[in-house]
Amino acid sequence: MTVTPLGVPTISRPAAGMPTTGPLVDTFGRIATDLRVSLTDRCNLRCTYCMPAEGLDWLPGEQLLSADELIRLLRIAVTRLGITNVRFTGGEPLVVRHLEDVVAATGALRPRPEMAMTTNGIGLAKRARALKAAGLDRVNVSLDSVDAAHFARITRRDRLGDVLAGLAAAKEAGLTPVKVNAVLDPDTGLDDAVSLLRYCLDHGYQLRIIEQMPLDAEHQWQRGRSLEAAGILAALRAHFTLVPDSKPRGSAPAQLWRVDGGTATVGVIASVSEAFCAACDRTRLTADGQVRNCLFAREESDLRRLLRGGADDDAIEQAWRAAMWTKAAGHGINDPGFEQPSRPMSAIGG
C-alpha cells in the first residue's frame, strides 16, 4: 500500500499508569465521551479558510477505512470506551455513499449513542429524510453568510440556494434542533453575523459562530486578521439584546446568549480567544483510521494498521486509550512556540 505522508508523528510510546478499563480518560482527568468521526477528506466546496481554490490531493481510497472497519471501531468506542455521542464529519460527509449504512449501524449499538452530523448542506435536501430514517438525530450546517455574493466568494461556489434548501429539509425531516455553524470572513463577517442571526431567528435555527482557527491547508491563518468573540458580540449587540444563558455550559464549546428576551439563543465558540480545553470531552477518528486526541495534536495513533494487521478488539481498545491518555493540557494556539498541525481541517473533521 502506498501511504500519503501527512507529516504527523505517530504515537508509539507506552502510556505508563494508563487505566485499562473504565472511561476514556487522560492524565488531566478529562473523560472523552464525544467521538468526532471524519468519513472522508473530500469536499465539494473550496472555502477560503480551509483549502486552496484548486483543492487538495485527496487520500487514496485504499487508505480510507471501509464501512465495516469503521463500524467495528464505532462498536469498540461505544461498548468499551464509554462514547455516548457520535458526530459524523468530513470533509463533507454527504459525499460518502455508505453514510446512511454507517448511521444505521451506529444507531443499532447499545447503549445507543446520540448521533449528529456536520455538513455543508449541499445534497442534504435529497437525503435528510433517509438520514432521519437511518437514525440520525440532528445536524449542524456550515453557513458563513446568507448574502449570495459573500457566500460565493468565501466558498468559491455558487451554491447558497442548495444550502438553504438543505436547512429547510433537515428541519422538516425532524433533524432538530437544526444548528448553523458560521466562520466569519474578516472583511464582511460582522455584517454577516447580524444577517445570519436574523435569518436563523426567522427560520427556527440555532446559530453558532466559531472563531477561525489555524487549521487551513495553506497555513495562512493570522491571529490579527481573524474576528474574535468580543468583536462579534459587540456587532450583534448593536442590533439585538443579548443576555447570558443561565443553563450550565458543561463541556459545550459554545457560550450561549439569549436573544431579545426570548427563548432563542446564539452561541459563540471562542476557540482561540477564550479556550475551553479544560472541559474538552472529545476524541477524534480520521477517515484513514487515525485517532487524534485534539484538533491540534502533533501525534496520531494508527488504528487502521491494527485493524488490517489482525489485532483483536482488546488491542485496539488499549491503543485508543493510550492515544487519549497523553492528551495535552490545551491546544497551545496562544503559546509562542505553537505549530499548526500538518493535517488541514478537511482531513481531521470538525
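Just so you know, glycine gets a Cβ as well, placed from its N, Cα and C.
Listed features, source Swiss-Prot:
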BINDING   Arg36, Arg87, Thr118, Lys179, Arg282, Thr283, Arg284  GTP binding site
BINDING   Cys43, Cys47, Cys50  [4Fe-4S] cluster 1 binding site
BINDING   Tyr49, Gly91, Ser142, Met213  S-adenosyl-L-methionine binding site
BINDING   Cys277, Cys280, Cys294  [4Fe-4S] cluster 2 binding site
DOMAIN    27-245  domain 'Radical SAM core'
Considering only the binding-site residues Cys47, Tyr49, Cys50, Gly91, Ser142, Cys277, which fall within 10 Å of Arg284 (GTP binding site) when distances are taken between Cα atoms? none
Cβ distance under 8 Å to Thr118 (GTP binding site), same chain, sequence separation 6 or more: which residues? Arg87, Phe88, Thr89, Gly90, Pro93, Val139, Asn140, Val141, Ser142, Asn181, Gly350
Summarise the model's confidence over the domain 'Radical SAM core' (27-245) as a mean pLDDT value. 97
Just to be sure I understand the packing, how many Cβ atoms besides its own are within 10 Å of the Cβ of Cys280 ([4Fe-4S] cluster 2 binding site)? 23
Excluding Cys277, Cys280, Cys294 themselves, the [4Fe-4S] cluster 2 site's Cβ centre has within 8 Å the residues Arg30, Ala275, Phe276, Arg282, Asn293, Leu295, Lys327, Ala328, Gly330, His331
Cβ within 8 Å of the [4Fe-4S] cluster 1 site centroid (Cys43, Cys47, Cys50 excluded): which residues? Leu45, Arg46, Tyr49, Met51, Asn120, Thr155, Met345, Ser346
Please find which two of Arg36, Arg87, Thr118, Lys179, Arg282, Thr283, Arg284 have the most distant C-alpha atoms, given that the record lists them as binding GTP, and give only that distance in angstrom, rounded to a whole number. 21
